[in-house]
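Per TrEMBL, the feature signal peptide maps to 1-17. The annotation disulfide bond is assigned in TrEMBL to Cys25-Cys35, Cys38-Cys49, Cys223-Cys264, Cys486-Cys516, Cys502-Cys507, Cys522-Cys527, Cys524-Cys554, Cys529-Cys538, Cys540-Cys547, Cys560-Cys565, Cys562-Cys615, Cys596-Cys605 (among others). Per TrEMBL, the feature domain 'VWFA' maps to 118-338. Positions annotated as transmembrane segment by TrEMBL: 673-695.
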Amino acid sequence: MNLRLLLLLLLYKEVHSKCEEHIRCESCIKDNNNCVWCAADTFGPESRCKPYTPDTSWCINDIIYPQSSYKIIENKSLSSDFGNVVQIIPQKIEMDMRPGQEVEFSFNFKRARDYPIDMYFLVDGSESMITIRDNIIDEAETIYGMMGNISRNVTLGIGTFVDKNALPFTQKVDQTLTYSFRNQLKLTDDIQQFKKILRDIKFGKNYDPQEGTLDALAQVITCNKEISWRDESRRVIIVLTNAPYHAAGDAKFAGIDQPYDGQCYTINGGYSKELELDYPSTSVLRRLISNEGVSVIFIVNSDEVNTYHRLTKIIGGSELTYDKNKIASKLSSIYEGITNKISLKVNMDWRLREFLKISFKPDCYQSKVNTNCLLKQEEEKTISGNIKLLKYFDAANINLDIGIEGIREKLTIKINTIKKCDCRTETNTEACSTKGVKRCGICECNEDREGDKCECEKGASNIKDDSSCKMPNTTTICNRNGICKCGRCNCRNEFTGQFCECKIDSCPRDPAGALCSNHGHCDCGTCTCDDGWIGDRCQCPTTEEMCTLNNKTCNGRGICTCGECGCDAIADWDSRNKQNELCVIQPCTTCHTPQCLKLTPCVLCLMSSNECQDCGHLNVTVLTNVTHEDEWMVCYNIHVDLGCSTKFIYRYSLDRYGIDVIAQTSFDCAASYYMFGGGCLALLLFIGLATLVAWKLLTNARDRREYETFLKDVAAQSASVDNCTYIPPSTTFSNPLFGDNDH
């Protein structure tokens, strides 16, 4: 609390000092610190310019404090009558504004009934698009009928594109096969002619993968007469392609370096300057889409979703889908999404954006997802706006338009900067020695005169009257730090102030010893900071530039205080663990696997349901097949069903703190088939082998038992029996003397 009070005191002191620097009423009211001027005839030696406070006792009845205001210039009633459609009221506002002040205003929007629809199909004319052409023909009646349910006044048109008819974009220079844009059919309500023209289109070819999509798109947007766009209609361009696009600068490969200037060059149905002008830049397309009130719908192959998703984010006023097999239903869904919400746009000279701060309630301008911006049928929506003039703008006026994406109507605002003080003027008055004009309480002297009362000739010295060179209640002239000339103190070099009472170098210094941190000047012991700096030493920038990278303050994850970021903690779902001084989370070489593990539960949940807790950080897109992108990381083998797996790719979001995920809806079950099939085969073989071994062991055991039984039976049947009466036929006698050599 004490710190806040100190900062408020420092801020008030700085504002007070800045206001008191002004010696003329006009410069006082041009200051963006909400200064007021005292025009009283009699006034003390202090400054007449001070910051505004409710207390006016210091200048009774003579305070000059002009207030910002506005008035409605044009306010036609809402109307759905064709030729006189009015959907925005009022249409023109004029404001008188002072720097530092705000003006609140409001306007209403209501969709007109049966508002005409102009729908132009811009088809990639390469040979690979023949199937898509056939799909459009098959669904043409459905599309026309579907749009007819929305409006009874619908027109359709067709254009095709391939690429610039120049090397290296084509293998052979041939206008029949390669061209930047052809207007095949102006907008018409003849559905049969639409189908016939579409069926008769001859498709061409180019050499490189990219197409001249942006060349054709720019011509369709700008060529009102050639396309037959109506002034009162919702203009919708459907771009169908299966290839990426050439961007600004690519035409240099063909020796074409002149930038595209945003004009229409379609003559006799073809782009006449395709070989003279480069491809349009995204900034030019963004301006054209905004100025012409066009809605662009890209219908592309799933392989090109990422490419065109980035494009739609940049150019605005556009939508994206990738299902070409259900064109009618997709168009219906996207069109209703466009018309059932309010998306505000502000068109003005880019150089003026630093002078104005604009906000709306509900916020249908900066915020792209706001349920308060949804619009029901026959609903009249009121939007409150706030414009603040940040600093003085030295021009007659500022003009800006506030519109709604998809329509050409707008609210035009003219801002006049308050420059003059409404003061009484006295000429040849004695109060100014008859040598000047008294205005706003002070003398504006003739060119050859000076002094508070124009009493002195320029360059002359007046040493007789030195009372105005003495501080109140003192007798010293200029505090002995200067000399008195024409009633004013001329101070010595090291002193300043009305009475030379202030030493120039008496202000606080930064740690390096720089006076007022080299961001201000010393004003009587107090640092008067330069624009963009505050603090007792002018050490803190008022802007967040030192905390900003890529137009993001502290990367959107912290608070900038005195030029330094106080970063938020890294979320639990983020596997990275380090961030720099601008709150940019640093890449981590070992975080990929843990990140996949943390993302998997939410990805699987969001693939099957929209109600998943703690998954708000994910932006999940599902595709049938996911291909690897350079800036995306792949998570493989994500188990989804028994024995099946899928994969997804992810990247850390560029425009918010979160993660973009593209998940693959097709599952890979082949590995599980092999695994389970092989396992079953091995099990069968094992069971068979075990059965065979068991059978063999059992049969061997049985045979062994039977053999042993047989042997026992044989042994029992062949036992020998001695006959006591039996006399052997031979008898052996042993001669004991045989072999005895002694006998």
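Glycine is treated like the rest: Cβ placed from N, Cα and C.
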Neighbouring disulfide-bonded residues, C-alpha within 10 angstroms of Cys516 (disulfide bond) - of Cys49, Cys223, Cys522, Cys529, Cys565, Cys605:
Cys522, Cys529
Secondary structure at Cys25 (disulfide bond), reduced by DSSP to three states:
helix
Based on Cα distances to Cys554 (disulfide bond), point out the closest of the disulfide-bonded residues Cys264, Cys527, Cys538, Cys547, Cys562.
Cys547
Cys49 (disulfide bond) and Cys35 (disulfide bond), distance between Cα atoms, whole Å:
6
For Cys35 (disulfide bond), just count the other CB atoms lying within 10 A of its CB, please.
29
I'd like to know which of these disulfide-bonded residues, Cys507, Cys516, Cys529, Cys560, Cys605, is least surrounded, judged by other CB atoms within 10 A.
Cys605
Disulfide-bonded residues clustered about Cys615 (disulfide bond) [Cα within 10 Å; pool: Cys527, Cys538, Cys605]:
Cys605
Cys538 (disulfide bond): which of the disulfide-bonded residues Cys49, Cys486, Cys502, Cys527 is the nearest Cα neighbour?
Cys527
Contact set, same chain, for the transmembrane segment (673-695): CB under 8 Å, 6 or more residues outside the stretch:
643
Given the disulfide-bonded residues Cys49, Cys223, Cys507, Cys540, Cys560, which one's Cα is the least distant from that of Cys527 (disulfide bond)?
Cys507
Near Cys522 (disulfide bond), which disulfide-bonded residues out of Cys25, Cys502, Cys529 have their CA within 10 Å?
Cys502, Cys529
Just to be sure I understand: of Cys38, Cys49, Cys264, Cys596, which disulfide-bonded residues have a C-alpha no more than 10 angstroms from the C-alpha of Cys25 (disulfide bond)?
Cys38, Cys49
